[in-house]
Amino acid sequence: MARPNKFLLWFCCFAWLCFPISLGSQASGGEAQIAASAELESGAMPWSLLQHIDERDRAGLLPALFKVLSVGRGGSPRLQPDSRALHYMKKLYKTYATKEGIPKSNRSHLYNTVRLFTPCTRHKQAPGDQVTGILPSVELLFNLDRITTVEHLLKSVLLYNINNSVSFSSAVKCVCNLMIKEPKSSSRTLGRAPYSFTFNSQFEFGKKHKWIQIDVTSLLQPLVASNKRSIHMSINFTCMKDQLEHPSAQNGLFNMTLVSPSLILYLNDTSAQAYHSWYSLHYKRRPSQGPDQERSLSAYPVGEEAAEDGRSSHHRHRRGQETVSSELKKPLGPASFNLSEYFRQFLLPQNECELHDFRLSFSQLKWDNWIVAPHRYNPRYCKGDCPRAVGHRYGSPVHTMVQNIIYEKLDSSVPRPSCVPAKYSPLSVLTIEPDGSIAYKEYEDMIATKCTCR
């Protein structure tokens, strides 16, 4: 029995020694497979490289734009929106944001999100009548699943586009009748709400008038607030020319065609990653900042004076000279004093902590098929060495100086202060959603505007 036991022991040892070798060969083969697949998918979006990051760490590592916009990205192709609706949202983007994507400071509205939905289905109920001025009535179904629970509706409008170019010398009075149809499976609570609304509006068309907006906030606000995401409505128009002002009009008749409307929702995104308009005062009131902040090293993303950097660098150089001259007036130390080392510790480092540009195009990431605007993005980043005596020039707290002393005098394992962003500006983004809707959103903390040492 001794020999079989001894043989079994040797066999187990041999298998244990061989196991790492086979495992290593399998691992190397797996790495080769991954490398080959990476070459085949070299055109894939950079987000795919980050899928293995733990969900708890992802929030701290990824900027809000890449984190939020990549949610819900699937393999199915995106539906393309109506060209007229896309043109309208591009004009809206130019009104709200600069070419670089920064929200304009003269804004007065409270919403930070605008969503445009086109109807999923369109059914004509009855033909129009040119004699009576009745336009063809239609039934529309809007799918609002893209609205999240943190988005609160502030305003909603139906946007009509006039199909053919019309020019009227007189005012055109239109009466719109709109009725919401509730599905059979709806709850009783929603059934009690009024679902039939009649809008009496007077529209005046000019030579270049192409759009009609009908405010339906009072109708949709309770529905969206109750998480109703499927809106089925019936709409018809009756339009006539003003006979009193222009009696020569031929019985008030005209030929006008309205394309099926889009639904625009103006929302306030209350999440932390969204830009909130009341914070815009923080960017407007630069003169009211404290003296310490005014002396800090800063850079502004767009539209600021180019001479600001020159003046700040001049002041930094002058303050550095004053510091060195004041230190030279002090009595000299021991004979072993090294003058060059003494100068070096007070002069600013050559690679000073400051802002750097990093301009990228969304076409480089192959995201330009769904990010409509801006075309380019400059997040900027902070890089450089932090001086030993940071003082208040960077807006750094006293703790930064204490950390420097600990690093130099007590424990070198304690890291030195790092060059990091201190302030940011928001970014406006216009995107095409997977369902073909169009979204304008404003994201907080997307562009670094100031560096500090911490």
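Glycine too: its Cβ is placed from the backbone N, Cα and C atoms.
What Swiss-Prot annotates here:
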{"type": "DISULFID", "residues": "C353-C419", "note": "disulfide bond"}
{"type": "DISULFID", "residues": "C382-C451", "note": "disulfide bond"}
{"type": "DISULFID", "residues": "C386-C453", "note": "disulfide bond"}
{"type": "CARBOHYD", "residues": "N106", "note": "N-linked glycosylation site"}
{"type": "CARBOHYD", "residues": "N163", "note": "N-linked glycosylation site"}
{"type": "CARBOHYD", "residues": "N236", "note": "N-linked glycosylation site"}
{"type": "CARBOHYD", "residues": "N255", "note": "N-linked glycosylation site"}
{"type": "CARBOHYD", "residues": "N268", "note": "N-linked glycosylation site"}
{"type": "CARBOHYD", "residues": "N338", "note": "N-linked glycosylation site"}
{"type": "MOD_RES", "residues": "S325", "note": "phosphoserine"}
{"type": "REGION", "residues": "303-330", "note": "region 'Disordered'"}
{"type": "SIGNAL", "residues": "1-24", "note": "signal peptide"}
For N106 (N-linked glycosylation site), the closest of the recorded positions by C-alpha position, picking from N236, C382, C386, C419, C453, is C382
Judged by the number of other CB atoms within 10 angstroms, which among C382, C386, C451 is the least packed of the disulfide-bonded residues?
C382
Taking the Cα atoms as reference points, how far is C419 (disulfide bond) from C386 (disulfide bond) in Å?
6
Compute the C-alpha separation of C451 (disulfide bond) from C353 (disulfide bond), stating it in Å without decimals.
7
Other C-beta atoms within 10 angstroms of the C-beta of C419 (disulfide bond) total 21
Mind telling me which of the disulfide-bonded residues C353, C453 has the densest Cβ neighbourhood, counting other Cβ atoms within 10 Å?
C453
Among the recorded positions listed as N236, N268, C353, C382, the Cα nearest the Cα of C453 (disulfide bond) belongs to C353
